[in-house]
Amino acid sequence: MISAYTGTQVRAAEEPLLADGLGDVLMQRAAHGLANAVVNELRSRGSRLNGARVVVLAGKGNNGGDGLFAGAFLAARGMRTTAVLTGDAAHQAGLAALERAGGRVQRLTDAGLPDLAEEAARADVVIDAVLGTGAKGGLRGSAAALVQAVTDAHRRGFVVACDLPSGVDADTGEAAAPILPADLTVTFGGAKNGLLADPGADYAGRVLVVPIGIEKHLPEPSLHRLEDADMARLLPHPSRRAQKYSRGVLGVVAGSEDYPGAAVLACRGALAAGVGMVRYLGPPSVADLVRQSCPEVVCSTGTVAGNRVQAWLVGSGLGPGDHDQLTRARDAIASGLPVVADAGALPALPAVLPPHVVLTPHAGELASLFQRLGHPEDREAVEAGTLAAARSAAERTGATVLLKGATTLVAAPQGAIFSQADGTPWLATAGSGDVLAGVIGALLAQAGDDAGRFSELGIFADARWAAIAALGAALHGQAGTAASASVSGGPITAGRVAEALPEIWGKVSMLSKYGAWKRNSRSQPLR
Ligand SMILES: NC(=O)C1=CN([C@@H]2O[C@H](COP(=O)(O)OP(=O)(O)OC[C@H]3O[C@@H](n4cnc5c(N)ncnc54)[C@H](OP(=O)(O)O)[C@@H]3O)[C@@H](O)[C@H]2O)[C@@H](O)CC1
Ligand SMILES: Nc1ncnc2c1ncn2[C@@H]1O[C@H](COP(=O)(O)OP(=O)(O)O)[C@@H](O)[C@H]1O
Ligand SMILES: [K+]
């Protein structure tokens, strides 16, 4: 599991070591990790090290200090290193080290800005070490103008952010323009929340965590990301004597005359995600379509009370005029069973909900939900601060809230939060959210009483519902990525996501069996 922290948590963890006089040691470790990452990146791109051109944009605080010391290491390895000092001061020891190692130092002035921007654009590597966890707001003045110019320039090299891209808020992931988008972020001591939540994640590129010795002082992480190893542990497996009812039955209240396909896609998502049986409740015409597309589903026009299930999925493809379906949705939410409440069910929720109800809005639906809760926020505001929005929605409703997007966040009402980014932009296709709702519904139906596999991972009590939803988002994202890979990275339909899912499930389980998962080698080398 990847753990992430606020900047404040990381700074607090540094305190005992700073008090012991180890501040310089921490900075050396950070700078060394940063320089090594640059070397590895150059090597992996087949670039020569000797003579490679490096430009360090160095702010006046310790983030700039890290960048200057890293520049010194790189200069000592034969790289042509220039530090551009963006502030009215600089980390003195870092500056001296860089100069001793043969690096050049340039002070940023308005007059010199175009030439420095040009030099950065021509460099093999740009290190963004202007602002780190001590930043208050985004870049200002000439530092902002320089970063804007480098962002706009046609760059030949790659960008490495020191600790976090300058302008990204370490705690919230909010992004104050201009920000130089990084190919790689090398972050120290622990990942920062802002690197694993949109829009900050848009600027971070791959994220590499460099341990610097503060780790044992870190508190409970404030954000988690499930990796393959965690998924393998959390996936339910049927016991030898399982039968379809013991494996879990999901009731689906989805689809309407206007949107019948949502019912089919939700059922396909659920069937792909290991549930013992799917019972569909809805209008006869939709039920017919479901029967034709998924003959495995048992369809009826009955009531919630008349159907025995372990969990409900309600809302996908429902409109405000679908009174019978909305009555079923409300009954399901009142049943005390785990529920995933999607799309059309979101406007029909009671004011207070329990954590075993999982809401699955996208940013627009979450903005509407805030409106109804009397705390208006528009879609842009939700997108500009996804972490705060998901957290606030969970606190205000009492439910578990999954906010869909390129990074999907799941917030438990007591504060646990998960972030998954396993998908591909091709998942932004109609019906993909219906499949996700089906997958999460199926996992809820299979949750049973086995809290053990969650507590093994340090997931306790009601955070379990958020972990299940995060597991669903991870499976769905990976299935989308695999479906697209199977067509050489081409576009996919929602149905293909459901088709790809069982193999993802199998692969994750197999990897866990043979131990290869320990590498956790997918896109990001986070420890
Ligand atoms: N503690 C340690 O030993 C270790 C720390 N480490 C590293 O230190 C980083 C944190 O360093 P930090 O606390 O010095 O803060 P940092 O992010 O460099 O920025 C603060 C400086 O910038 C200024 N400033 C602020 N906002 C600004 C703005 N919007 N626009 C322009 N300027 C702005 C502010 O000046 P002020 O506004 O206060 O005058 C202040 O001078 C952390 O991310 C990690 O990289 C690692 O080496 C491990 C060991
Ligand atoms: N840019 C993206 N990258 C990765 N996944 C995405 C992206 N955009 C959307 N998704 C995922 O695709 C799904 C879209 O769901 P939703 O918006 O409800 O679509 P629909 O209502 O059409 O079914 C969600 O799981 C979301 O996380
Ligand atoms: K930085």
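Note that Cβ sites are derived from N, Cα and C of the backbone, with glycine treated the same way.
Just so you know, TrEMBL annotations never went through curation; they're auto-generated.
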Cross-ref TrEMBL: AMP site K404, G405, A406, T407, T408; candidate in list G374, G385, G431, G433 matching that site is G433
In TrEMBL, K(+) binding by D128, S166 extends, among N63, N193, to N63
Of K136, K404, G405, the binding-site residues with C-beta less than 6 Å from an atom of ligand 2, in sequence order, are K404, G405
Not counting K404, G405, A406, T407, T408, G433, residues with a CB within 8 A of the CB centroid of the AMP site are D198, H362, L403, L409, G423, A473
Once DSSP output is merged into helix, strand and coil, T408 (AMP binding site) belongs to strand
Expressed in Å to no decimal places, the gap between the Cα atoms of K136 ((6S)-NADPHX binding site) and K404 (AMP binding site) is 29
A 10 Å Cα radius around D128 (K(+) binding site) captures, of the binding-site residues N62, G65, D163, H362, A406, T408, exactly D163
Near K(+): residues not in N63, D128, S166 with Cβ within 8 Å of the site Cβ centroid are L57, G59, G64, G67, A129, V130, L131, G132, A161, C162, D163, L164, P165
